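**Student:** Attaching a single structure in structure tokens format; questions to follow.
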């Protein structure tokens, strides 16, 4: 019993230090846990220091390595397995079955811990004899600035007896980290290596020598050239500044480039200017052509007017001369003319002639009365006329078909040489001007127009006006779309004009004795003149009554026309044939008007035929 008690007490006493150790370990682990919460980098280290089977096996493995290191003399201060990491050892320990780990009881654990403590107490005694051991975490033993490119050269003397690890882990082994890289390199160089290095450097120097010399020479020449250019540029710049006055001096190349650019710009500008000038010339040429056309048209119109008046006067004079010798023929011709209704266009054309030529009606009548000089008619070219378009009056008088050169506006046009021939036969320019009512420049006669309203009305009704250009006329597309429109424009008259013409025709038919060629009435006597005056007054009164509905201007116009048309014999009986002159002249006027109408019709037909072609 005593032995059992002593044995029990010994066990209790042995457990007391173990309990103290465990309590201290728990306290330390508690502190370590607090530190780990603050510094999470220390967790891996703390996991390895917990009392676990892996840790105990690691301690045993370390002891075995120490024993092997003490026995070997070749490498007393270096452990070749210091580079092995802890996970590798854990892997080796992990290969053990779990049953062997769990099979250890508490008593066995106590024995293992006791042995470890004893070994730890024995270590300080052997520590001065040995160098400091390297722990498993070899990274802490290496300095921070140590490079990782140490050569892993295996020396022949270093042959380990116990190689537990496979060859793949030999790469982790390295030379002594405390040995400098320079020392390792110095050990590798030999005299042979140095000799080869010297020869290599010599060869390299020979190869690179000429190229480097050439480069140096080229660099030197370039520097000299640039220096010379800078000096020249500076000198030229100074001289140029002295001459010009502080302006920058450009090199020759830049000056040439600038000159070429300026020349190109100047050429472009000149080309643009020439184009603009050409355009302006074209425009001005077109305007000039238009002005020339207008001038030509005005001249043509003036020449048409002059030639028309001259030919008209010559025809009247010729007709008057032939009328004296053939009174019977003219009387019969007048009877045949006035038996038919008078064309209303003839009367208005007479008025239009007087207004167009700016000749007062009384002067025109005087010209018709006094045209006594016989003038031979001009022999001009004849234009073929279709017989269907010839009126009865034209057929009765074929001698009137001395067709003139038609003008643009439908009136006979005499060429310039015809005017000279007419003047050479006894007429002068002053005579023609006096006949036309246009005196010399020294004594100008104002043109006759009763009022502006009648002038505008007559000019608006005329097919053309004096001085009217093509630009003012209607275009062909408007007034000549086809044959019918042209014919309507040619034949269309005002309603008032038609009424007036019809009334005059009825009056002439109603009173044929006024213009009747009765020889009994043609005997000059005082009683006949009084009867003629009474008839004239009756006609004027009838006209006024009929035209009372019209405007006063038209009434005055018709009254003036009726007054100026000779009805009876004139007062002056200078010659015995004088009473018959007015009637003959009126017949000539009507014949001329009919001839103009026929010529207009022929011109219209010719134009229509040309357009149809």
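Note: Cβ is positioned from N, Cα and C throughout, glycine not excepted.
Pulled these from Swiss-Prot:
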type	residues	note
COMPBIAS	92-105	compositional bias 'Basic and acidic residues'
COMPBIAS	257-283	compositional bias 'Basic and acidic residues'
COMPBIAS	546-557	compositional bias 'Basic and acidic residues'
MOD_RES	150	sulfotyrosine
MOD_RES	173	phosphoserine
MOD_RES	267	phosphoserine
MOD_RES	428	phosphoserine
MOD_RES	528	phosphoserine
MOD_RES	551	phosphoserine
MOD_RES	552	phosphoserine
REGION	67-105	region 'Disordered'
REGION	119-146	region 'Disordered'
REGION	257-287	region 'Disordered'
REGION	546-580	region 'Disordered'
SIGNAL	1-27	signal peptide
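What's the neighbourhood like for each of these?
**Tutor:** Neighbours of residue 267 (phosphoserine), defined as other CB atoms within 10 A of its CB across all chains, total 10. When secondary structure is read from DSSP and collapsed to three states, residue 267 (phosphoserine) falls in the helix class.
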**Student:** What counts of helix, strand and coil residues does DSSP assign across the region 'Disordered' (257-287)?
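**Tutor:** Output for the region 'Disordered' (257-287) reads 31 helix, 0 strand, 0 coil.
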